[in-house]
Each structure stands twice: as structure tokens, then as C-alpha cells.
Amino acid sequence: MERTLVIVKPDGFARGLTGEVLRRIEAKGYTLDTLQIMTADRDRLAQHYAEHEGKPFYQPLVDFMASGPATFAIVSGHRVIEGFRAIAGATDPTAAAPGSIRGDLGRDWGLAVQQNIVHGSDSPESAEREIGIWFAQR
Ligand code: DAT
Ligand code: MG
């Protein structure tokens with residue numbers, strides 16, 4: 001079964017939106033395999049966001065992701081990677097379609113980093129790589 005890594009980022013966690021995100025995942029028919037609340041460490045964030053190293057938003061992104069607790073989930077289901085990214089909506093929450101997590105619940109707060117509530121892996125290779133970073137035994 002296909003798997004993806006979902007993160008309810010520190011903004012979503014702090015706003016009490018973890019349950020709402022998980023509700024949408026379950027309502028769509030995907031399975032929650034593993035859940036963990038933790039504050040991400042910078043070593044693993046550097047691995048997770050390696051593709052963005054050197055971009056102007058990289059350091060603010062890592063700082064934001066390390067700023068407080070987040071919920072990490074392994075979610076499974078047929079075509080879950082594509083399906084969760086559709087539920088999540090476009091990266092920029094101001095432009096994300098209403099009906100999506102980011103479109104319904106996110107906005108641009110005028111901060112350096114787009115606080116867009118959720119992360120979802122973008123390919124099977126990314127998903128397995130990211131799951132390996134955050135869930136060493138799985
Ligand atoms: P996504 O999370 O939709 O897969 P991404 O992988 O391109 O987007 O970027 C990872 C995160 O980095 C994204 O969720 C928010 C932040 N980000 C991306 N592009 C940005 C930009 N132009 N300015 C500020 N933050 C950005
Ligand atoms: Mg991405």
C-alpha cells in the first residue's frame with residue numbers, strides 16, 4: 001500500500017488544527033498508520049528539507065519548523081500521495097483553493113515563512129526517504 005508522510009506543522013498544531021487535519025484524512029478514506037507529536041530537531045529538518053538548501057526561505061523555514069511541537073503521521077492508501085496533496089491544496093495558502101486544508105484554514109500572516117499548516121510528501125521516493133528520517137524503525 002502506498003504511504004506518505006504528513007506533518008501538521010507548528011502553526012497548525014498551535015492553532016489546534018491537528019484534529020481537523022486528521023479528520024479530513026480519515027474522511028477521505030485514508031488510514032492513519034502512525035502518529036507522533038514532537039518538536040523537530042534541526043539535524044533531521046536539514047535532511048528533510050535538503051532540496052531547499054540555499055533558497056532564501058530555507059533558514060526561516062527550518063526555524064519555523066523547529067519552533068514548537070508538530071504532529072507527524074504516516075498515512076496509507078491507494079494513491080495517498082497525490083490524494084493528500086489535493087486535500088492540502090497549493091503551497092501558498094492565500095491562493096490555495098477553498099475546500100482544501102490550506103485554502104480553508106490558512107492565510108498569509110505577513111511573516112517570512114509561509115505557515116501553511118501541513119506537509120505532504122511529493123513522490124513515493126520522497127515519502128520513503130522522509131518516513132525514514134522521522135520514523136527510524138519503520
Ligand atoms: P509543498 O509544501 O507544497 O510541497 P515545497 O516543498 O515547495 O512546498 O516547499 C516546502 C515548504 O517551504 C512550503 O510548505 C512552504 C515553504 N516555501 C516554499 N516556497 C516558499 C516561498 N517561495 N517562500 C516562502 N516559503 C516557501
Ligand atoms: Mg514539498
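Any Cβ shown, glycine's included, is placed from N, Cα and C.
TrEMBL names K9, F57, R85, T91, N116 for binding ATP. Of R3, R102, R107, the residue it gives for the same site is R102.
T91 (ATP binding site) carries neither a helix nor a strand DSSP state and counts as coil.
Neighbour counts were taken at the CB atom with a 10 A radius for the recorded positions R85, R102, H119; the maximum falls on R102. According to DSSP, H119 (active site, pros-phosphohistidine intermediate) sits within a strand segment. Across the residues of the domain 'Nucleoside diphosphate kinase-like' (1-138), the predicted structure has a mean pLDDT of 96. Filtering K9, R85, R102 by Cβ distance to ligand 1 (under 6 A) retains none of these binding-site residues.
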